[in-house]
Amino acid sequence: MSINLRTVYAFAREMYPKTSKETIQYGTAGFRGKAEFLDSVMFRMGVLATLRSRYRGGSVIGVMITASHNPEPDNGVKLVDPKGEMLEASWEAIATDLVNVSDQELEQQVAKIIKDNNIDVTTSSQVFVGMDNRYHSPRLLKAVADGVIALKGNVKEYGIVTTPMLHYFVVAANTKEAYGKPTEEGYYEKLIKAFELLRNGRLENGNYRNSIIYDGANGVGARKMLQFIKRMKGSLNVTVINQGIGVGKINEDCGADYVKVQQRPPKSMPEVEPFTRCVSVDGDADRVVYFFSDDKGEFHLLDGDRIATLVAGYLMELVTQSEINLRLGLVQTAYANGASTDYIVDKLKFPVSCVPTGVKHLHHKALEYDIGVYFEANGHGTIVFSDNAKATIAQAAETKESAKTLLLLIDLINETVGDAISDMLLVETILNHKGWDVQDWISSYNDLPNRQLKVKVQDRNVIETTNAERECVKPEGLQTEINKVVANYKRGRSFVRPSGTEDVVRVYAEAATKEDTDDLAYEVGLLVQKLAGGVGPELTKPNSAHL
Ligand code: G16
């Protein structure tokens, strides 16, 4: 097969010219921004994925078109490596250079990637592409596919799928189906089979009731949950709200990010009985949070930290009962509620590590354990099992029920990346086994009140952080001022960091009371505005009184 790099340039010039002059940054989870500027980025990512596939000996590489939790006008691209991880860090720089060169320089840049990485362009390559249900996604998917075709690669289009489904397809194909069949049906089959075996016909148990309200964020997670329901034969009664079919914009006033950050139910929440278990996923269904209202109408959130502690505690119980010796560990980020970390360290005696925001960092760290549990507070996470863990558990399962349960859990968990639906089925399984309702779950510890704010600045890159984003090193003096403010609050903690998915600086604060937390977040937000070049309207003080 001969490749003519001129074709790449011809495609770019004729169909996907670069229209934006601004430097495009590789963010927390790939490139993200306003959809109208992304055609050239997508075309070039099709080219990159093909090169990457050849570089990895023809393994399948995934390209997911989604802006996940962002508003509807945004779109983005997430690249999936052969084992289901996000694109290897060293290739982020290659991707960044490729999207930023001019159309005229493109051919030369592609040649440079080939040469620098010693890629044999005559070999075969395979790229899987999926997209969320934003109206501009099909156009961008075509751009990715054309990028693959320009280099004579093979492309397989999966249409509208969740991000974790695409990760699953990539791994399933690369493991020659050892992980499952690389089809949508194969994905449902694998998860539902494990879920139903784990239920073992016992749909209700103790305080656990077999029904939930599911907020699909008007995204792809709603559609796919409807497919699950069709196939689940009543093993879980799910009512889907914010289905995004006909009405409702993706993530608008609903979904996991809205519920977590606003600390309130989706706006369209129907009247339900107090303590009804509700769950929200985000636009591409890779994050999940739970919530409920009590008999006084007060809202309660069970976020990624709660899921992490529930899962970690349960896995620990099963490992102990199975009498096997495995190294368990939990990975969090700076956003983890201080109370959750205390609970994990003091009560569960689990080793905890803290890494920068982004699944790519958490996943990587979790691989250091036999069983690595990782969750961001925003509900993004999963569990990874080492080969040693899998073999040890399989052996123990010959004699121990607890190890058999562990084996089924491995099938239920989408190890490739955080998967809202798989995580939800895991939580439902644990609650069912324990006979717990939301009150039992939430009573394990008390969260510290916390608050997140977004601050608009001229250039978010003026903020630089260290120590897993818990300290700000630039602009000079900002951290000293934050420390002074934090010192005035009991159990106060706050940090600031530039978002890698939106053009904002994020402020996180926690303290002993809700009022203190709001005040602390506001004070730190003002410091960011003052010392990091704030723009836009004056920051309004958050108010927990509505909660
Ligand atoms: C992505 C990443 C997450 C990260 C989130 C927010 O999520 O995959 O790991 O927590 O962005 O990142 P930032 O604070 O840098 O904007 P998603 O669900 O939007 O793909």
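Cβ from N, Cα, C; glycine included.
Those TrEMBL annotations? Automatic predictions, nothing curated.
The feature active site, phosphoserine intermediate is assigned by TrEMBL to Ser68. DSSP assigns Ser68 (active site, phosphoserine intermediate) to coil in the three-state reduction, placing it in neither a helix nor a strand. Same-chain residues at least 6 positions away in sequence with a Cβ under 8 Å from that of Ser68 (active site, phosphoserine intermediate) are, in sequence order, Ala29, Arg32, Gly76, Lys78, Asp132, Thr163, Asp282, Gly283, Asp284, Asp286, Thr501.
The Mg(2+) binding site feature in TrEMBL is assigned to Ser68, Asp282, Asp284, Asp286.
According to DSSP, Arg506 (substrate binding site) sits within a strand segment. Sequence-distant contacts of Arg506 (substrate binding site), defined by Cβ-Cβ distance under 8 angstroms and a gap of at least six in the same chain, are Gln452, Leu453, Lys454, Val455, Val496, Arg497, Pro498, Ser499. Under the heading substrate binding site, TrEMBL lists Glu376, Ala377, Asn378, Arg497, Pro498, Ser499, Gly500, Thr501, Arg506.
For the domain 'Alpha-D-phosphohexomutase alpha/beta/alpha' (60-93), the residues of the chain that approach it from at least six positions outside its boundaries are 26-27, 29-35, 38, 41-42, 45-46, 48-50, 52-53, 125-132, 134-137, 140-141, 144, 163, 166-171, 173-174, 220, 249-252, 255-257, 282-284, 286-287, 358-360, 363-364, 415-417, 501-502, judged by C-beta separation under 8 angstroms. TrEMBL lists 60-93 (among others) with the feature domain 'Alpha-D-phosphohexomutase alpha/beta/alpha'.
Sequence annotations record features per position, and here TrEMBL assigns domain 'Alpha-D-phosphohexomutase alpha/beta/alpha' to 108-175 (among others). DSSP states for the domain 'Alpha-D-phosphohexomutase alpha/beta/alpha' (108-175), grouped as helix (H, G, I), strand (E, B) and coil, give 35 helix, 13 strand, 20 coil.
Helix, strand and coil counts from DSSP across the domain 'Phosphoacetylglucosamine mutase AMG1' (183-289) read 37 helix, 18 strand, 52 coil. What TrEMBL lists as domain 'Phosphoacetylglucosamine mutase AMG1' is 183-289 (among others).
Under the heading domain 'Phosphoacetylglucosamine mutase AMG1', TrEMBL lists 303-436 (among others).
Sequence-distant contacts of the domain 'Alpha-D-phosphohexomutase C-terminal' (481-523) (same chain, six or more residues past either end, CB-CB distance under 8 Å): 25, 27-29, 32, 67-70, 76, 334-335, 337-338, 357-358, 448-457, 460-461, 463, 465, 469-472, 531-532, 539, 541-544, 547. For 481-523, the entry in TrEMBL reads domain 'Alpha-D-phosphohexomutase C-terminal'.
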Residue among binding-site residues Asp284, Asp286, Glu376 with least C-beta crowding, 10 angstrom cut-off: Glu376
Spatial neighbours, same chain, of Asn378 (substrate binding site) - Cβ under 8 Å, 6+ residues apart: Ala256, Asp257, Lys260, Arg287, Val289, Asp303, Gly304, Tyr335
DSSP-derived helix, strand and coil totals, residue by residue, for the domain 'Alpha-D-phosphohexomutase alpha/beta/alpha' (60-93): 5 helix, 14 strand, 15 coil
Reduced DSSP assignment, Glu376 (substrate binding site): coil
Other same-chain residues whose Cβ falls within 8 Å of the Cβ centroid of Ser68, Asp282, Asp284, Asp286, the recorded Mg(2+) site, in sequence order: Thr66, His69, Asp132, Thr162, Thr163, Gly219, Gly221, Ala256, Val281, Gly283, Ala285, Arg287, Ala420
